[in-house]
Amino acid sequence: MQQTGLTLALVALAVCVALPSSEAILPIASSCCTEVSHHISRRLLERVNICRIQRADGDCDLAAVILHVRRRRLCVSPHSHVIKQWMKEQAAKKNTKGNICHKKQAGKRKSKGAHQEKPEIHSHKSPY
């Protein structure tokens with residue numbers, strides 16, 4: 001009976017040790033796009049605030065262009081003709097400095113509470 005209690009205690013200890021390490025991995029996995037859309041309207045592209053490029057060679061398994069429109073995050077295929085053309089247009093605009101899409105920074109692990117992004121403040125007023 002005493003050996004069963006010792007075995008149970010060792011199993012409980014192993015579970016407790018394993019839990020914190022798996023929680024550290026979850027914030028990275030939850031920020032990756034798991035599906036991409038192959039179609040996107042030009043009207044929606046006009047409302048993009050931020051664009052990020054997700055590569056398939058890092059922490060994420062799928063290549064994607066992440067578009068931030070208001071409070072939504074849209075994952076679009078980087079092979080979409082409309083996205084490629086839109087990215088070229090954004091880079092060519094005089095008021096943008098370089099490309100509007102930035103590479104997603106990999107390797108930064110955040111604590112569970114620090115996963116939330118701060119809202120962005122824009123100087124232009126929305127008609128809505």
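A Cβ is built for glycine as well, from the same backbone N, Cα and C atoms used for every other residue.
Annotated features, as they stand in Swiss-Prot:
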COMPBIAS  94-113  compositional bias 'Basic residues'
COMPBIAS  114-128  compositional bias 'Basic and acidic residues'
DISULFID  CYS32-CYS60  disulfide bond
DISULFID  CYS33-CYS75  disulfide bond
REGION    89-128  region 'Disordered'
SIGNAL    1-24  signal peptide
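Feature map: annotations from Swiss-Prot on the structure.
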{"residue": "CYS32", "record": "disulfide bond", "Cβ within 10 Å": "17"}
{"residue": "CYS33", "record": "disulfide bond", "Cβ within 10 Å": "21"}
{"residue": "CYS60", "record": "disulfide bond", "Cβ within 10 Å": "19"}
{"residue": "CYS75", "record": "disulfide bond", "Cβ within 10 Å": "16"}
- Task: Would you mind pulling the DSSP three-state label for CYS33 (disulfide bond)?
- Result: coil
- As a whole number of Å, the Cα atom of CYS75 (disulfide bond) is distant from the Cα atom of CYS32 (disulfide bond) by 9
- Task: Sorry to bug you, but what's the C-alpha spacing from CYS33 (disulfide bond) to CYS60 (disulfide bond), rounded to the closest Å?
- Result: 8
